[in-house]
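See below for the structure under consideration.
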Amino acid sequence: MKRSMYAGRVRSEHIGTSITLKGWVGRRRDLGGLIFIDLRDREGIMQLVINPEEVSASVMATAESLRSEFVIEVSGVVTAREQANDNLPTGEVELKVQELSVLNTSKTTPFEIKDGIEANDDTRMRYRYLDLRRPEMLENFKLRAKVTHSIRNYLDNLEFIDVETPMLTKSTPEGARDYLVPSRVNQGHFYALPQSPQITKQLLMNAGFDRYYQIVKCFRDEDLRGDRQPEFTQVDLETSFLSDQEIQDIVEGMIAKVMKDTKGLEVSLPFPRMAYDDAMNNYGSDKPDTRFDMLLQDLTEVVKEVDFKVFSEASVVKAIVVKNKADKYSRKNIDKLTEIAKQYGAKGLAWLKYADNTISGPVAKFLTAIEDRLTEALQLENNDLILFVADSLEVANETLGALRTRIAKELELIDYSKFNFLWIVDWPMFEWSEEEGRYMSAHHPFTLPTAETAHELEGDLAKVRAVAYDIVLNGYELGGGSLRINQKDTQERMFKALGFSAESAQEQFGFLLEAMDYGFPPHGGLAIGLDRFVMLLAGKDNIREVIAFPKNNKASDPMTQAPSLVSEQQLEELSLTVESYEN
């Protein structure tokens, strides 16, 4: 029989209609001689009623044999429920069954197919095809499809060209570790799976495509966390002849359309812009969450004369004020915050409480001489908690930024209904890597330096600024972009600043440098992390919830057991030898 419609779409206007439905048994109940079945499909749940007085003995026997997750086909007449179920979109109707057949049976599932299950993550991933049957998971992927549909429509209307770039590319330094693919034809040589289509999309601009986009899989072999996966999807854009402001305008329009199409929300344009230095100094993060206050405050000048060497001898002293919540933090609670501070490189965490117009706490005795100045500088009020970090500027900012976010979550200070977009601009071109002992690209080595600071490529790299911009949503980096270098001499200077010899630059990027001999236009673009964007729209805190078949925190797939060992024959064909491994 042909399916008439989805079970989840049956409504009161279908009363009296004969229909055929197909789906899974969610639940079976026997009440007063009648059998009630919740039939579930992609669109929702529909109640079926089997009355022994209205069906054949064989249909009744089949109904009695049904168990959860059996796949069935059922025909009958839509009728009004005696008592509506307001919790279901189909709650006003039910199907009086006339015909019923089993299309497939099912073993008992390792967890119930319903929202709010308590199964651990690896069990959910081991049986991902069952996990994806749950309504909330299906909704996540409907949302994802709406997002990509909205993006494609928007960019197509702006005459962007959707172009596929290679999955097998050249391994290049400056970034996360590559996933390498050995070549059988070219023995001893390796492809890399792309961390992004960065260079190829730039070459498309040199080819005259003018406006390119792609919704593309990318790969990075890096340590995993809640908003990272080894393979991920990004919305990749590149344009020619546009300014950074014009590119940002296009991206803002795209996001506004997605928010309207998927959430029914109008977002205010243009998005706020914040300089990188302001973000770090005021929020302790280059991806600040602006849904709550508790900004970092610099007290270096206020405390420099106190008789407390931790403060007076520190490079900077900064603080955050937790307003009207001092009573929520015992000494034990503050000790936990101190341990977190140490994880970010701080030597410790000083603190005060303010009540009855006076300060108290372990360091209060050192600050009595400046109590009035401190109270005024921090605008202290009754029941405030003050947390101090005295260290380098970088450590103070990062530590207090992390504490700010943690405390806001603990105290439920965040309005989760808000979607606060903003641009972070005026980026440094380079950042110092303690691990590498050198400056590295803050974004990538193809970012255009500002005209005012480009001369420092041969001088103080800390002073070079980039024509770069990150878009941030609710404390997450949603995406990043920049204008690109299109002049060969500037690109060669950039490589030299990063420590490349002329020979190594030619070996790694010779094809790009050669392309710059042939009229490379001014260009720039941006990439947005699609998984992260959908995660935030869906109100989730892990991108695994919006990726159909993700990896776990060990970069493994519990369902397929990937990665796995391969046969000796496969290794021999590739001239590879595995020296050692652990099962």
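Cβ coordinates come from backbone N, Cα and C, glycine included.
What Swiss-Prot records for E174, R220, H443, R484 is L-aspartate binding site, and it gives sequence analysis as the kind of evidence. Annotation note: R484 (L-aspartate binding site) sits in a strand segment as assigned by DSSP.
Cβ neighbours of E222 (ATP binding site) (same chain, under 8 Å, six or more residues apart in sequence): A176, R177, R228, P230. Under DSSP, E222 (ATP binding site) is assigned to coil, being neither helix nor strand in the three-state scheme. Annotated ATP binding site per Swiss-Prot: R220, D221, E222, Q229, E477, G529, L530, D531, R532, in sequence order.
The region 'Aspartate' feature in Swiss-Prot is assigned to 198-201. Across the region 'Aspartate' (198-201), DSSP helix (H, G, I), strand (E, B) and coil residues number 4 helix, 0 strand, 0 coil.
Annotation for E477 (ATP binding site): same-chain Cβ neighbours under 8 Å, separated by at least 6 residues, are D286, K287, D470, I471, G529, R532. The secondary structure of R532 (ATP binding site), as reduced to three states from DSSP, is helical. Sequence-distant contacts of the region 'Aspartate' (198-201) (same chain, six or more residues past either end, CB-CB distance under 8 Å): 163, 165-166, 169, 172, 212, 214, 236, 238, 444, 446, 509, 512, 525. With respect to their backbone Cα atoms, H443 (L-aspartate binding site) and L530 (ATP binding site) stand 19 Å from each other.
Comparing Cβ neighbour counts within 10 Å across the binding-site residues R220, R484, R532, the minimum falls on R220. In the three-state DSSP scheme, H443 (L-aspartate binding site) is classed as coil. Spacing of R220 (L-aspartate binding site) relative to L530 (ATP binding site) is 15 Å (Cα to Cα, whole number).
Around L530 (ATP binding site), the same-chain residues at least 6 positions away in sequence with a Cβ under 8 Å from its Cβ are R144, V147, T148, I215, F232, T233, Q234, V235.
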